[in-house]
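The [4Fe-4S] cluster binding site annotation in Swiss-Prot covers Cys135, Cys156, Cys373 and rests on similarity to another entry. Positions annotated as region 'Disordered' by Swiss-Prot: 416-467.
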Amino acid sequence: MTTELAAAPVLSTPDDRILEETDPVVPQTNRILSEEELAITYDIERTLKEIRQARYKRIALQFPDEMLPDAPRVFQLLSRGLEARDIVDGGSKANTETEPTDGLVDSASRLDLKDADEWSPKLYILADTSYGTCCVDEVAAEHVDADVVVHYGRSCLSPTARLPVIYVFTHKELPLDPVLKAFKETYPDPETKVILAADVTYSDHIPEVYSRLVQEGYSSLFATALVHDPSSVIPNRTVPDSVKEAPESLGNWQLFHISEPPTALLLTLASRVAAIHIYPTDGPAGTDVKPLPASTAMVLRRRYAILTRLSTVPIFGILVNTLSVKNYLHIVDHVRDKIAAAGKKSYMFVVGKLNAAKVANFSEIGGWVVIGCWESSLVDSKDFWKPVITPFELEVALKGDEERVWTGAWQSDFQSILDQPPPSSNSPGNSQEANEGPEFGDHARDEDEDAMSEPESAPPEFDLRTGRYVSYSRPMRDSAPRVSASQGATAAISAQTGAADGPSAARALARRAKGDLAMVGNTFSPGAEFLRSQRTWTGLGSDFNSAANVEYDDEENDSTLVVQGRKGIARGYTVGDSIDRH
């Protein structure tokens, strides 16, 4: 026998739950660093030296989430260091004023003293980053009008657009004896060509590892150093002189990498070096660690499968995932032009930190292109509903089936795409020869016939993943007929006579007669077409749609007056003034 509820069940979170103890978002470190260890880890002396030399006044400190607990102590160390320097400078300048000097030296010292009084640096700790923690957050730094950003932790080293940066990679301890033992077991032949590299947080150990291996008898080693060049043969690392002269000779070298590298680096080097061995640093101390051979075959095959899936996508979304990397606006324009040249439509989005929930709201988009740093552009997650690719992968996806050849080469830095020379025409003189001679009329007539029969004569496109025929993969090419040579020659005559002759007018009339394409402001919109044909719910506001001249449905009902609906709770509703419950 069931009992009736005296009150409705509680379906919300209690108000006092916020006062209860919850798990911390950032895990606590095992131990608190001493002041000396903190100064070494965060490179306080070098940071103070660079701030004093450049005389920065407003300094922004950017920490990743795992280093935020140390941010107040780092702030105090930097503040005390700058104040102590000011006191020392003031005392030294006061002593020099008592010494006999000539007028020129005395005036110069007074100018220096005036500058020292005006130079009062201020430090700011940036809160949450707008994008990835590996990138410099110039947007947050501009909120405090910063002159420089001190970036802590690992970084992608992408060049910034506006502000100078002081990189502090922090120092991490690394036992060298296990590293040397693992290296000798992996490469027993001392003549093997091996490049030594490490993650940026362990890069300061590379010179010591190199010197000790040379003492062991290894003669064909190269120790990399950090450089700010993501477009390098080895991104952000120096390479041997022989590789600078002939980049393809990098295939004769093997790579020994300390700590787990980012996936973008592995994919980039997979086709450039002979082999990659990774020395893990996340294992327990005191245990024998064996380097693991890197294998990127599965990841590369999955990336290529994504490209074949996107070859027939009609609408692309451009995700701007950075506002700080240099030349990001140029690559946005480049990607937009490439998509438009392929007859497809693109929409641009600025979403901040990328996650699956944000991009899932736009079901019209068939694929996403990320514009970001060379590390964050690679999004290899299965949580996203639609594929997310890089600008390099877009170049491959937009090629035809007969041109798309997957060689295994992969790159994530978009600057290398911008540096590529523009494609040259096969025969530069053809355009001039076509406009001369009596056969120009026949040539123009052939172009007119091609323009009229373009949709019918275009080769069919199939989705290589499903095998289905795709009839709507290039909506912008079909909706915007190209202008033939005869149309350009008779443009003035058509304007004077007001005639609507030519194949373009016939095609435009045929398109309007079909009524299959959604128009917004007399312009074809693939997004509106998707909303009209595939979405079952178009949202509220039919009056607004009519006023904006947006036609989604020819059978759309007119708006009606607002009437009183149901009211009550889930146990029973009443309609209008009726007392009956439903």
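Cβ atoms here come from the backbone N, Cα and C positions, even for glycine.
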So for Cys135 ([4Fe-4S] cluster binding site), how many other CB atoms are inside 10 Å of its CB?
25
Inside 8 A of the center formed by the CB atoms of Cys135, Cys156, Cys373, which other residues of the chain have their CB, for the recorded [4Fe-4S] cluster site?
Tyr131, Gly132, Cys134, Val136, Ser155, Leu157, Ser158, Thr322, Val325, Gly372, Trp374, Glu375, Ser376
Quick one: give me the count of other CB atoms within 10 A of the CB of Cys373 ([4Fe-4S] cluster binding site).
28
Residues near Cys156 ([4Fe-4S] cluster binding site) in space but at least six apart in sequence (CB under 8 A):
Gly132, Cys134, Cys135, Pro230, Asn236, Cys373, Trp374, Glu375, Ser376
